[in-house]
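Asks: Below are the features I grabbed from Swiss-Prot:
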ACT_SITE  HIS513  active site, proton acceptor
BINDING   44-73  FAD binding site
MOD_RES   LYS438  N6-succinyllysine
MOD_RES   LYS486  N6-succinyllysine
MOD_RES   LYS486  N6-acetyllysine
MOD_RES   LYS498  N6-acetyllysine
MOD_RES   LYS498  N6-succinyllysine
MOD_RES   LYS582  N6-acetyllysine
TRANSIT   1-34  transit peptide
Amino acid sequence: MWQVLRGWRKGWQSPRGALAWAVQGQPCPPCSRAVASVGKDEYTFVVVGAGSAGCVLASRLTEDPNHRVLLLEAGPKDLLMGSKRLQWKIHMPAALVSNLCDDKYNWYYHTEPQPGMDSRVLYWPRGRVWGGSSSLNAMVYIRGHAEDYNRWHREGAEGWDYAHCLPYFRKAQRHELGANMYRGGDGPLHVSRGKTNHPLHQAFLQAARQAGYPFTEDMNGFQQEGFGWMDMTVHQGKRWSTACAYLHPVLSRPNLRAEVQTLVSRVLFEGTRAVGVEYIKDGQRHKAYVSREVILSGGAINSPQLLMLSGVGNADDLRKLDIPVVCHLPGVGQNLQDHLEVYVQQACTQPITLHSAQKPLRKVCIGLEWLWSYTGDGATAHLETGGFIRSRPGVPHPDIQFHFLPSQVIDHGRKPTQQEAYQVHVGTMRATSVGWLKLRSANPRDHPVIHPNYLSTETDVEDFRQCVRLSREIFAQEALAPFRGKELQPGSHVQSDKEIDAFVRAKADSAYHPSCTCKMGRSSDPTAVVDAQTKVIGVENLRVVDASIMPSVVSGNLNAPTVMIAEKAADIIKGHPALEDKNVPVYKPQTLDTQR
């Protein structure tokens, strides 16, 4: 129930702000020139961004008592007076929409008008709080397909194939069903399996089987293809972000300093060697120096922005903004990839959806139960079933993802539901449309120019037609007949290719999976930003560790892969041998001659 106990919306636009409240390699902008300067401090590592990756790094790097780590976060803590209950908007799973409605914990980004989407400006929420987007997301734990990582290896991220990534997924994870060759059993990140007995979830899974798709016991295990119960980063009725998993348990370590509400104004360089960062906190300018490395973990928007503001990026673009060039690296901000999705919505003829949970008294009851015992409808995000299928014959592994919700979502949940309804979120996983982001100005507080270039290829347009048609086919099965009312979206009048294409352009939205803007690859690749060791190419003592370094977007949600990336990078940074497991089987369809 994406609306339960939703917060007050503070306004359509956020205060302009960039990551790491980012960096610039030149004098401070007018808004901060009056800031006083204070002294010098030195650390082994400075990690910029306490999000899905940064929290992992802070924990793993401080396991060595000889490593002194400074963790800088632009947003606030995810606790209020040390309490999760008092910060229920973050920790109550069903309240996830609260933080999509304002900018308190959210960068509140927007794209440029998209030519392929009727010139619409799309909303891109990103976490600005301890835990980053793992404190705002829908808590769906999906790793992607094994072939995604083998593709990374082929694309130049050597040593990032499935055999070398799976052990780090397991290392991070503590699955409630216990360990096996795919799952971890003793990691910090609690993962639970969807287990609702809601009749609409049960009917959806049955309808998928009736449509000819298999049931998969574990879409993160042997067989991704099919429909089944989702894994969730929910533990004992509470969101289990990377802040909960990795940061909270280590805050007492004497070799970790974690700062919040901190605007990093630039990475400090001596020549091409990163030596520290400059940041602003409480109206004062500080410099933190490193004996080893600065690590950027701000995500796919903030990390490239931080690099460009620091003079690392396309030299021509930097000079236009009078930013001194440290290193010409034209791939920074390029290769932007995201998952687009549409909602196919059906009216429900029975009063069993989450529509009633929007009523004020019901909201209060749900909230009180959760505050008292962490149970009830507030203890889940309700996206507990879903699936992965191949769009057509010849596709070797799933390229369409489904999330089912026994409710209706309008405008990212920022508008209340209208009626009893259910929906499937459906989208293609490996779009061919690729975008970019660039600096809007040399002011680190300005959001960058974000241009994802959605639906710019005919292949992507055709794939979304398939998404709509295949969703309708599942919704038309007998299992959903007792609940099926009229189709709300796209609507029964939308049938032809042209009509479906128009619907998709008018209604598709981001699935909140921006990635790939600091592409990992070979140093000989002119589009690469970091090498397979996560080091920024062309400079020294600087790494990027987050979803921005993915060479290509994976076939699924991005939080689990981002945690894996940070776990693997931590071993690389510490000089540990890479974990590897070559003997884990992965399902392959018996034939590619058919779509299912």
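Every residue, even glycine, has its Cβ placed from backbone N, Cα and C.
Describe the structural context of each listed feature in the structure shown, including burial, neighbouring residues and relevant distances.
Replies: Within its own chain, HIS513 (active site, proton acceptor) has ASP338, HIS339, ALA547, VAL553, ASN557, LEU558 as residues 6 or more apart in sequence whose C-beta sits under 8 angstroms from its own.
A helical conformation is recorded for VAL56 (FAD binding site) in the three-state DSSP classification.
Under the DSSP three-state reduction, LYS438 (N6-succinyllysine) is assigned to strand. For LYS438 (N6-succinyllysine), the Cβ neighbour count at a 10 Å cut-off comes to 19, with all displayed protein chains included.
Taking the Cβ of LYS486 (N6-succinyllysine) as centre and 10 Å as the limit, one finds 11 other Cβ atoms among all the protein chains shown.
For the recorded site, LYS486 (N6-succinyllysine), the DSSP three-state label reads strand.
Cβ neighbours of LYS498 (N6-acetyllysine) (same chain, under 8 Å, six or more residues apart in sequence): none.
In three-state terms derived from DSSP, LYS582 (N6-acetyllysine) belongs to neither a helical nor a strand segment and is classed as coil. Remark: LYS582 (N6-acetyllysine) has ALA163 as non-local neighbours, by Cβ distance under 8 Å and separation of at least 6 in sequence.
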Asks: By a simple count, how many Cβ atoms lie within 10 Å of the Cβ of ASP64 (FAD binding site), its own Cβ left out?
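Replies: Taking every protein chain into account, the count is 12.
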Asks: List the Cα distance (Å, whole number) between VAL48 (FAD binding site) and LYS438 (N6-succinyllysine).
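Replies: Cα to Cα, VAL48 (FAD binding site) and LYS438 (N6-succinyllysine) are separated by 20 Å.
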Asks: Taking DSSP three-state, what's HIS513 (active site, proton acceptor) in: helix, strand or coil?
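Replies: Going by the DSSP assignment, HIS513 (active site, proton acceptor) belongs to neither helix nor strand, so it counts as coil.
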Asks: Tell me which of the binding-site residues THR44, SER52 sits in the most Cβ-dense spot, judged by other Cβ atoms within 10 Å.
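Replies: The largest 10 Å Cβ neighbour count belongs to SER52.
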Asks: Sorry to bug you, but what's the C-alpha spacing from LYS486 (N6-succinyllysine) to VAL56 (FAD binding site), rounded to the closest Å?
Replies: 46
